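Visitor: Mind looking over this structure? Questions follow.
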Amino acid sequence: MHRLKQYRGELMLSLCAVIWGTALVPQKLGTLYLGPFSFGAARFLTGAVIFFPLSLILKRVGHEGRNPFLRKDLVIGGGLCGIAMFLGAYFQQLGLADTTVGKTGFITAMYIVIIPLIGLFFHRKTELMTWVSIALAAVGLYFLCMSEHFSVSKGDFYVFIGSLFWAIQITLVDTYSKKTNSLELVPVEFLVAGVLSLFCAFQMESPNLSAVTKSIGPILYTGIMVVGVAYTLQALGQKTVSPAIAGLIFSTESLFGVISGALLFQEAMSPREIFGCVLMFSALVLSQIKLPSIRKSEEEKAKASQPEKNKVKTGKQYETPSFKT
């Protein structure tokens, strides 16, 4: 049963990666008429309106709402995830206006390598292979983004900043999806991201009905499929899939981004950029490989032999001391 749930979670995350990768095309189209804040507000609020009814249904049929600690986690988790989503989407959309769909997919996928670095702040051990993959990804990013004149485009830089916030968002979802009901967490996350985007849109941009009408297709697709379906699949799938496996699955988003950009925008990469993509994708895969630890094996052998040496005699029987693991 556990394996079945894990397979189901992996399938959800795979569908999520397909939707995210192909959605870069309508996001690119959205930059033609709407600013990043306006587009973000439209798609996030669309997702919130669609999926908030699910939250109301869960309150009626479930028991989660009776737990005050769960309510607290829902508010805090939804708020933090929403802020991270708002910033990640803003910088990605801002960068898409000045770079290609294919490059956006690969640069965004750098969050897979960034996530272990975030773990350092929580005193989590970083494997040797992770550091190797980070170095390889940095070289790949250089070939992909650095021009022959040693300059980085503004769009590539913004997309990379966005990948930092996507790494934070995935880390937060992994934490709070296990503390709350996922189908309640997701609409709160959308609402926070949507309200922040709407506020910034009216403060820094000039959205109008004509521009929204011209972008209705990209708004509906990204609002329903990307925001509603994909992020819900992410929250549900990460309940049963480890962050490492989830990261590996999400990394395929970059491939779908390149394919969709080539098919619909006739985007082509130079040999230098293709080499950078190969290095970056290799780094994404390597970051998920766990090398066997010699020290760990020796410690396990020592633990296995320790009870035999520390048996305490009590009458006619021998009692083995318990060891806290």
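Positions of Cβ are set from backbone N, Cα and C atoms, glycine also.
Per TrEMBL, the feature compositional bias 'Basic and acidic residues' maps to 297-311. The domain 'EamA' annotation in TrEMBL covers 9-144, 154-286. Positions annotated as region 'Disordered' by TrEMBL: 297-325. According to TrEMBL, the feature transmembrane segment maps to 12-29, 41-62, 74-92, 104-122, 129-151, 157-173, 185-204, 216-233, 245-266.
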Visitor: Taking the transmembrane segment (104-122) as the reference, which of 12-29, 157-173, 245-266 gives the largest number of Cβ pairs under 8 angstroms?
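Guide: Out of the listed stretches, 157-173 contacts the transmembrane segment (104-122) most.
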Visitor: Taking 12-29, 74-92, 157-173, 185-204, 216-233 as candidates, which has the most Cβ pairs under 8 Å with the transmembrane segment (245-266)?
Guide: 12-29
Visitor: How about long-range neighbours of the transmembrane segment (12-29): same chain, 6 or more residues beyond its ends, C-beta under 8 Å?
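Guide: Those are 39, 92-93, 96, 101, 104-105, 215, 217-218, 221-222, 225-226, 229-231, 233-234, 236-238, 241, 246, 249-257, 259-261, 264-265, in sequence order.
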